[in-house]
């Protein structure tokens, strides 16, 4: 402990810092070593075990896909499907080989190598079986290939899948063991680091406490000495045995106390000499080093400065007389301070009066005429000066305030406001001019209000009349539109009747020829019905074949569902497909049975149709005679309909021309109404603007905005345009309607 106290403070702190760094480096190195071990384990998992599991699972997935393609290949019905599945199986086989090549470099020695060899043997056997299966299919031995596919080849595929899963389980077991070992090592590392940190913290706290105590106690004694000096107690402190900076500090404090004691004794001697009247007594500044000698010299200068105090005070007063209120005067100590107080009172009064006058002038130059000087701050002549300036400002502010109130009333629209009060000279002339201006403005605004109200009333009457005219014109246009539409429909109907009569005449003429040929056609129909009967029997045979195919498809779909169920989770998707195929085969069989029944009914109906065709031949002769009579009647109807169509066409053209004129009139009325409403709106705006002003009790008139009226006019116009568009669309290419 004694050796620690004699060390310098810097060495003590360096010792604590070095010890902390060494322990931290040791803990960091340990943590780095354990972290590298963890990293090696993770790298082994990432580069060996995880890729092995991924490759094996990919190999199993490829094997299952390969098996599904074999099943689909043997079920293929067309040559294109066979070629497609051959390409897919070739590609899947290549993927199996590639995945196996990816896995083999990752195999470790020992048990995994044996499992990998078993898996390779099973896979090679399965691929050899696949080639045998392909040979059978290409040789056309489909039944032998299906039997081999469902028998030996299925067993080979299962053996291969089991071998792959055994290898996967081995890799997963080793992977889990690596993870468990890594977690155990991590927890041990954390525990050791925490224990090391705890021990390090305890050691640093103990050593730091010892160093702090070796510094705190000497510093406490030094602080006590400094506090005593600050309080004016110059007792000599005890000596310290410590050799560090704190011991050196206490030694320096002892020397400082000795110097202060000597300097204080010299000051007391000089004070006693001055009390006796020995004003030429001075301190020996050269007897004290450094700042103490400088203090002694300054004290000597202070004594010499007493004589010059009065001269400086009088010089400051002289500067005040010249107007220099900022003339400096140093602060005198002790009882001499009354000189400073007196001079500062004089300076304050002179400067206050000057500031009051300058503030009033500055405010007046900025238009602030309400500001006044504080006369109560001063006495006698200074008070009279400030009060005189205030009275001058009052005489100016009164007329300016009246003018300001009149202008403010004008800004608010009040033209009845006048400038009141009794003024003299230029202010009286200002009052007369202001009141005359307000009177003229009131008369002008009153005339404008009367004119704007009259304009507004006239505009409303014009708009109302145009509105009524627009409504009647619209009603007339609508009636003409309905008439035109009805005429168009009548014209179209008559034209259609004429056209139908003409076509009926032609059809009746042609029907006679058709009826003559009907007998020949009926005999041909009998032959055709016999052929249809023979074809129906053949179709029944074909439906039987389709029923057999649907039954076989159902069996194949059932086998595929069984295979998918054996494949487990990976065959779920294929099971869904097999279920859909089976359902489709069942629906095909049902449909084939229904079609077979319908064909049998059709054969019976064909026999009945043959008998009906013979009766139709006898009926055709009666139809020929009737058609001749109908042809003559239709010719007369066609001629009469043509004459009616021409007459109605002329009437339709006349109505269309009347409708065009009415629509043009409606457009002109609409424009006049819009103009009247716009005039009414402008007049209302003028009344609104002028009503802002009030003169002699006149209030603001109420105006009705024209926006709603304009909108009301615009709405019927839009409806009229829509009706016109409807009629125009109804006329088609023959219409003469023009939009406007």
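Heads up, the Cβ atoms here are built off N, Cα and C, so glycines get one too.
According to TrEMBL, the protein carries these features:
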- 68-95: coiled coil (COILED)
- 441-507: coiled coil (COILED)
- 213-265: domain 'HAMP' (DOMAIN)
- 394-446: domain 'HAMP' (DOMAIN)
- 451-680: domain 'Methyl-accepting transducer' (DOMAIN)
- 13-33: transmembrane segment (TRANSMEM)
- 190-212: transmembrane segment (TRANSMEM)
Positions whose Cβ lies under 8 angstroms from the transmembrane segment (13-33), at least six residues beyond its ends
7, 189, 192-193, 196-197, 200, 203-204, 207-208, 211
With DSSP as the yardstick, break the domain 'HAMP' (394-446) down into helix, strand and coil residue counts.
39 helix, 1 strand, 13 coil
What is the three-state DSSP composition of the domain 'HAMP' (213-265), stated as helix, strand and coil residue counts?
39 helix, 0 strand, 14 coil
Mean pLDDT across the domain 'HAMP' (213-265), rounded to an integer, is what?
73
